[in-house]
Amino acid sequence: MDDQQIHPQSYWRWSKEDFFPEESFRDWSTYRYALSHTYSRFKDRLLSRSEDSDEIEKLKKQSENEMKRCLNWWDLMWFGFGAVIGAGIFVLTGQEAHDNAGSAIVLSYVASGFSAMLSVFCYTEFAIEIPVAGGSFAYLRVELGDFAAFITAGNILLECILGGAAVARSWTSYFTSLLNREPNSLRIHTNLREGYNLLDPIAVCVLAIAAIIAVSSTRNTSKLNWIASAINTIVILFVIIAGFMHADTSNMKPFAPYGPEGVFRAAAIVYFAYGGFDTIATMAEETKNPSRDIPLGLLGSMSIITIIYCLMALSLSMMQKYTDIDPNAAYSVAFEKVGMKWAKYLVALGALKGMTTVLLVGALGQARYITHIARAHMIPPWFALVHPKTKTPINATLLITICSACIAFFSSLDVLASLLSISTLFVFMMMAVAIIIRRYYVKGVTPNSSLLKLVGFLVIIIGSSIGTSACWGLDPSGWVGYTVTVPLWFFGTLGISLMLTQQRTPKVWGVPLVPWIPALSIATNLFLMGSLEYMAFIRFGICTVIMLIYYVLFGLHATYDMAHHQYEKEPNVIDEDSVGKP
């Protein structure tokens, strides 16, 4: 028997075949041939859709080793707390209350929390039906096809990298507060452009430590997250109770000094505070009973987190007038001002623990996104490999950590938060579209006439939602535009509800009130996107152009070869149970 078949290849390998194994990249002549057929290949990938079984079974073989099923609903619940509660609530609350919403920041959290819960419903159904590490990337490959999945994958990568960088920068700010120093005192001051001139080596170190813990063991990381999140929960309860004990309702006047537009502008930014819940969906491959554990973990944690955020925002705005709130370390400074100087250090410590768990759980979930994206060959399959001993994707974790560290070293939080929010909102909007398509379209079953109606109604829903957002952006106090866009959204959704029959019924748990809840999720996500400043869209556009260039030069051809079996992964190891058997 061939010795190579008995013994697996080393995990740490760097050959061309591990990064570019596809036929299109065999040599320069095959690459030129691939580029000359870009149009036909793009048309093929634009119209292609994956199958549930391919995502669940076939692509997992690209990782060579399977991840270990070791998580239950309790783990996922705490992962939800660890992934979400961190820099968003402790940093962005003060920043947005001071700059945009005033005391109405609590309404910003209500609006963004409502939108997030709509997305949670969509994620939960998909995670039960397609329990793989790829999360939204895998779901969109099945429902919207390769190209839509790639655009989403690019934004997921952007979200992962920027999210880690933003939290790491915030970690440094609160660490300086704990040491009773100025927020930027531990950063290196340079003459670079504003927003990129404060270098942050501490953020890089924190990211590296979180990554090392995450790759060691999923189960051990979960236990560490329990402990840290429990301590953080105690601090949060203290912040809420002590905040209301020192409340002064006069601090809430005027309630919304920047008007409704300020409230929704802040809502679009603080949406970042809810980001991370999609990480739970990526843990489905390591969950013992996804159909039971994911709904309990995802819906349970997000419901409690939404209430916590609103109470924390309210306590802050009642302790201090919005003009006096410190944008960098709002809660610590607020307690210091009301005479609880010792509480400043407790809050800073709690915030640090919260941000540490966000980085820790983020390193887990983000790496699993990358793993599945690499399994589909959107990026080199070397990043899909799972280590045989730790059962974790070390290569994917390294990719995210190194990229996040480079950005965290240079960029300030305000630059990162707006770009991160727009990427997150875009992905969640796409997920809502995908859930409608999943319910109303099944390949080979749905008549073409019904498909055309579905596409037409979706265009109306998306177009009217964009129109509503545009009306708000151009004239928040106007009402004429809404008399057109809102009824269009309603009749588009009603059309799907009355004129089309659902083609698929969820096996265990599904989004209620389809198509109304997904359609409302589309509208709220696009509305919040429209509330962001124009610079966020410019940065988003630049990143999208870079993604498309990469897709045309590499991703398109790699996935085409993968789909058309011009690349087949040879097994590296025979199942130990089969050795010696005929």
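Note that the numbers count up from 1, one per residue, in the order the chain is shown.
Placement of Cβ uses the backbone N, Cα and C atoms for every residue, glycine included.
Among the features that TrEMBL reports, transmembrane segment is placed at 104-126, 147-168, 198-217, 224-244, 264-284, 296-318, 345-371, 392-410, 416-437, 449-467, 479-501, 534-554 (among others). Taken from TrEMBL, the feature domain 'Cationic amino acid transporter C-terminal' covers 509-558.
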**Prompt:** Are there three or more C-beta pairs under 8 angstroms joining the transmembrane segment (264-284) and the transmembrane segment (147-168), sequence spacing 6 or more?
**Reply:** yes
**Request:** Might you confirm whether the transmembrane segment (198-217) is in contact with the transmembrane segment (264-284), defined here as three or more C-beta pairs under 8 A between residues 6 or more apart in sequence?
**Result:** no
**Asked** Short question: which residues 6 or more past the ends of the transmembrane segment (449-467) have a Cβ under 8 Å from it?
**Response** 433, 436-437, 440-441, 481, 484-486, 488-489, 491-493, 495-496, 499-501, 519, 522-523, 526-527, 530
**Request:** State the non-local partners of the transmembrane segment (224-244) in its own chain: residues 6+ outside its ends, Cβ under 8 Å from one of its Cβ atoms.
**Result:** 75, 78-79, 81-82, 85, 213, 308, 311-312, 315-316, 318-319, 331, 334-335, 340, 343, 346-347, 349-351, 353-354, 356-357, 360-361
**Item:** Residue numbers, six or more beyond the limits of the transmembrane segment (104-126), whose CB comes under 8 Å of its CB atoms
**Value:** 93, 96-97, 135-136, 139, 255-256, 262-264, 266-268, 270-271, 273-274, 277-278, 280-281, 294-295, 298-299, 302-303, 306, 309-310, 313-314, 316-317, 322, 428, 431-432, 434-435, 438, 506, 509-512, 517-518, 520-521, 524-525, 528
**Fill in**
Looking only at the domain 'Cationic amino acid transporter C-terminal' (509-558), mean pLDDT returns 87
**Complete:** DSSP puts the residues of the domain 'Cationic amino acid transporter C-terminal' (509-558) at 40 helix, 0 strand, 10 coil
